[in-house]
Amino acid sequence: MDHCGTLFLCLCLLTLQNATAETWKELLSYMENMQVSRARSPFFYLRQLHQLEQMLLNTSFPGYNLTLQTPAIQSLAFKLSCNFSGLSLSSATLKRVPQARGQHARGQYAWGQHAMQFPAELTQDACKTRPGELRLICIYFSNAHFFKDENNSSLLNNYVLGAQLSHGHVNNLRDPVNISFWHNQSLEGYTLSCVFWKEGARKQPWGGWSPEGCRTEQPSHSQVLCRCNHLTYFAVLMQFSPALVPAELLAPLTYISLVGCSISIVASLITVLLHFHSRKKIDSLARIHMNLHASVLLLNITFLLSPAFAMSPVPQSACTALAAALHYALLSCLTWMAIEGFNLYLLLGRVYNIYIRRYVLKLGVLGWGVPALLVLLCLSVKSSVYGPHTIPVFNSWENGTGFQNMSMCWVRSPVVHSVLVMGYGGLTSLFNLVVLAWALWTLRRLRVRADAPNARACHDTVTVLGLTVLLGTTWALAFFSFGIFLLPQLFLFTILNSLYGFFLFLWFCSQRCRSEAEAKAQHLWVAMTSLPSMRRSISNKSRFEALA
């Protein structure tokens, strides 16, 4: 009888082992089919991924862990208990774990170096609801075609490292999960951002990369350390970055922007109110100036609201709308600067025959309509060109470099940013610089003809500064953010352009004071020439000298 029981037990164990082996073969076959599949729809990849997760969570295996590997996918499963004290995994230790291999994975695949470290806090919430054995699964991909987002983002080593705990999601960990990536070359010159795959992100049902809940550090030139407070699929986004903003400069630059834009908002509001309460007859030149003030006012308001709307509690649709409004305000401001340059050319270059029918109305259509058309065109082609935009800043330590992300609602598409921000701004700045140089040459030529080149040097200096502000030539500093010019450019660009509305206000005040002084001088001249004796004694030449 004992021999029969022993034989029966051996048969049961053999059957169980065969069933387990069949399950492993099924898993390996599924993983091999995943890595060779090339589906057109991202939803197909998403279903495959969820199916693999469920198979790993439900498979049975003896011992503490199971490791399965194909050339492009590694799958690991671990049995955890409620007295879990933490777990560290690395690519070096994984190679020593016994692996089950499929018939198409006989050769060792050259996986790069990576590591994951899970804190003891990982199982606390799950054990409160369902105490008992838990299952931790990790799935590593060396090919990112399962995680293609709308921007076709570049990933470090094309690696995606994922982890999931049975019995619910893991979020808001106080002690983060540490994920390390290594590269065989230096990563200097790249912007590196730790991200996770968020299903339904960026208005795409299959998902997109998001930096929420992750902090990026770089302990060495070839290593990236991600500290994330949740479990999902992680990767490192790579972008060429010729110039990064130092973290120690972030606070003063933010303070300067806040103060400068606030001052410009108040100055622009005062200018517009004074314009509407003016009793004088409004000419086309004043209307052009007021449109420029209005565009600067809109630009400063949307810029100050942009970082606040990029925070996670705010709906992404609101951030998208504000980013589009900010882009529209910038394009309008640049367009009205170019209109100021064109109008200056008409005033100085074409003294006669400059009447244009409905001149201000046509300029208004150009200044407000063309930017609106460009922004609407971008939204109609792909609305995701606007949204939360990450600005990486770095902090130098003794043992490496740390990165932190600052977000604002802005243009997210590199193509749109290159064409409709830098390109558009470069053309308007170049045009206004040419107009400014021509205006200064014309002014100098008039002074030489008047035989008084140094008579009104102070007045000419004020005129030059006023024209420089009016034409917005300080915006050309945006093209000097490289090399040794980076730090001076950051402060000069921030100070001058955040106070741009205030400088326009000073120009408006100087022009108003000048016009009032000329009006008083004209009234005084009329009063003097109304006297018979004065009318006989003053010649035409003395009249000119009195007005000058």
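Using the three backbone atoms N, Cα and C, a Cβ is placed for every residue, glycine included.
Heads up, TrEMBL stuff is auto-annotated, nobody curated it.
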For which of the residue intervals 232-254, 462-484 does TrEMBL record transmembrane segment?
462-484
Sequence-remote contacts (6 or more beyond its ends) of the transmembrane segment (255-276), Cβ cut-off under 8 Å?
282, 286, 289-290, 293-294, 296-297, 300-301, 303-304, 491, 494-495, 497-502, 504-505, 508, 512
Counting a contact as 3 or more Cβ pairs under 8 Å, with residues at least 6 apart in sequence, do the transmembrane segment (288-310) and the transmembrane segment (415-441) touch?
no
List, by number or range, the same-chain residues at least 6 past the transmembrane segment (490-510) whose CB is under 8 A from its CB atoms?
245, 249, 253, 256-257, 259-261, 263-265, 267-268, 270-271, 274, 289, 292-293, 296-297, 300, 462, 466, 469-470, 472, 474-475, 477-478, 481
Which value does the mean pLDDT take for the domain 'GAIN-B' (78-244) in this predicted structure?
78
